[in-house]
Amino acid sequence: MLKTIQDKARHRTRPLWAWLKLLWQRIDEDNMTTLAGNLAYVSLLSLVPLVAVVFALFAAFPMFSDVSIQLRHFIFANFLPATGDVIQRYIEQFVANSNKMTAVGACGLIVTALLLMYSIDSALNTIWRSKRARPKIYSFAVYWMILTLGPLLAGASLAISSYLLSLRWASDLNTVIDNVLRIFPLLLSWISFWLLYSIVPTIRVPNRDAIVGAFVAALLFEAGKKGFALYITMFPSYQLIYGVLAVIPILFVWVYWTWCIVLLGAEITVTLGEYRKLKQAAEQEEDDEP
């Protein structure tokens, strides 16, 4: 009886072990950590230009003036670790200085922000090993649409949420709304990763694979935020070594860790489809054998 149970358990865990081996093999072949380092470098280079472009878009629409403040606080509170307040203060100073630039400098900011999107596109298609390239004009249109519509849609969602919370009938649902708002960062991360894994690759990605990979990445991202904040709070070695400049290495490490999570979710999405194809091929070979 015990031997039968052990055999069944071993038989059930064998596919999972094979899938994990395939996942590790792809991570090693794709040099995932190196890709994450490249994206972290480009992200840090593009951070201020990207934020400057986003805030400039909000400034162009007076209806989003109040929402932009809420969105700013939401981003720094939920997508950066414990030092979000310090980083926010520095970035806002940099953005304020960028407002004094000429038209040529503004174009440079936009190009730098688009460079980040191109790097993300290149890294994800490397993981999917896609050889098909989009037309340059189409790629530019997609990047520009994400750069312009993304912040506006986020601002619109926050405006709608604020409006619903202000309604009288919503006062009886405060508990439910509070619970929903607590998981809102997780849902937003999940949807963002799902769109990233579904749209960016130039080959077709099965929707269920993208959903699973995005969900794992969202969970790791939320857990990583809490773990990183706990580490910074409990083991303040960076503050002891770097003093006032501690925010710089903390931001570097957090951005690198974030891209590791994003690319790991992409690897999981790819491996799910590849493992399914390999399994179907193996079953087909068994059926063809006399």
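Note that Cβ sites are derived from N, Cα and C of the backbone, with glycine treated the same way.
As the structure is a computational prediction, the values presented were derived from the model and not from experiment.
Swiss-Prot annotations:
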- 1-38: topological domain 'Cytoplasmic' (TOPO_DOM)
- 39-61: transmembrane segment (TRANSMEM)
- 62-100: topological domain 'Periplasmic' (TOPO_DOM)
- 101-120: transmembrane segment (TRANSMEM)
- 121-140: topological domain 'Cytoplasmic' (TOPO_DOM)
- 141-163: transmembrane segment (TRANSMEM)
- 164-182: topological domain 'Periplasmic' (TOPO_DOM)
- 183-205: transmembrane segment (TRANSMEM)
- 206-211: topological domain 'Cytoplasmic' (TOPO_DOM)
- 212-234: transmembrane segment (TRANSMEM)
- 235-243: topological domain 'Periplasmic' (TOPO_DOM)
- 244-266: transmembrane segment (TRANSMEM)
- 267-290: topological domain 'Cytoplasmic' (TOPO_DOM)
Task: Tally the residues of the topological domain 'Cytoplasmic' (206-211) by DSSP class, grouping H, G and I as helix, E and B as strand, and everything else as coil.
output: 5 helix, 0 strand, 1 coil
Intrachain residues whose Cβ lies under 8 Å of the topological domain 'Cytoplasmic' (206-211), provided they are six or more past its termini: 194, 197-198, 269-270, 272-273
Message: DSSP on the topological domain 'Cytoplasmic' (121-140): how many residues come out helix, how many strand, how many coil?
response: 12 helix, 0 strand, 8 coil
Long-range environment of the topological domain 'Cytoplasmic' (121-140) - Cβ separation under 8 angstroms, sequence gap at least 6: 26, 30, 32, 35, 38-39, 114, 196-197, 200-203, 205, 263, 266-267, 270
